[in-house]
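Copied over from Swiss-Prot, here are the features:
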type	residues	note
TRANSIT	1-56	transit peptide
BINDING	Cys77, Cys78, Cys142, Cys172	[4Fe-4S] cluster binding site
Amino acid sequence: MLRRTSFNFTGRAMISRGSPEWSHRLDLKKGKKTTMMHKLGTSKPNNALQYAQMTLHDLTEWCLAYSPWPLTFGLACCAVEMMHAYASRYDLDRFGIVPRPTPRQAEIIIVSGTVTNKMAPILRNIYVQMVNPKWVISMGSCANGGGYYHFSYAVLRGCERAIPVDFWIPGCPPSAESLVFCLHTLQKKIRWHEIQKYSVRD
């Protein structure tokens, strides 16, 4: 079960996947990782098989962290800022974050805009088709809680009612810089956690 990433005013974040034996503290300003609780057992490999498994595990984490493929799910005006993040000023492609046209190739879905009641089953089906491990970014006030259309009968008040959300980006609309920061934070989160800790949340 995923817990929300909580930010405080010092620029630190606690990230945990709900596992009691493993927890990290990230210092987002300095880019350091401090292990608060060590995993049970030894940290060094005892034989060649464990060394090969650890090396393969590190390679898999590196590939996931530095080549995440998002699926852009633009529903309203927040999608303009999402497109701006891929334009020449920020150019997310140079970080390996290349948008994919199909959910079967994507690991991240960026929901940007108002999710209506008719769109919720489609969003859920797209989420189910994505490969594991998968992450969800809710971008903008409308995707976070309904926003300007919160009291409308036809609007889903937050996309987390349809799919589990990992990151929330506030704003109406949020800037492209906030999306870039969120994707870099997600890259750090992928890099500093174990692959087997990610649960299949279908």
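Each residue, glycine too, has its Cβ placed from N, Cα and C.
Quick caveat, the model's predicted, so the values are computed rather than measured.
Projection of Swiss-Prot feature records onto the structure.
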{"residue": "Cys77", "record": "[4Fe-4S] cluster binding site", "CB count, 10 Å": "14"}
{"residue": "Cys78", "record": "[4Fe-4S] cluster binding site", "CB count, 10 Å": "27"}
{"residue": "Cys142", "record": "[4Fe-4S] cluster binding site", "CB count, 10 Å": "28"}
{"residue": "Cys172", "record": "[4Fe-4S] cluster binding site", "CB count, 10 Å": "12"}
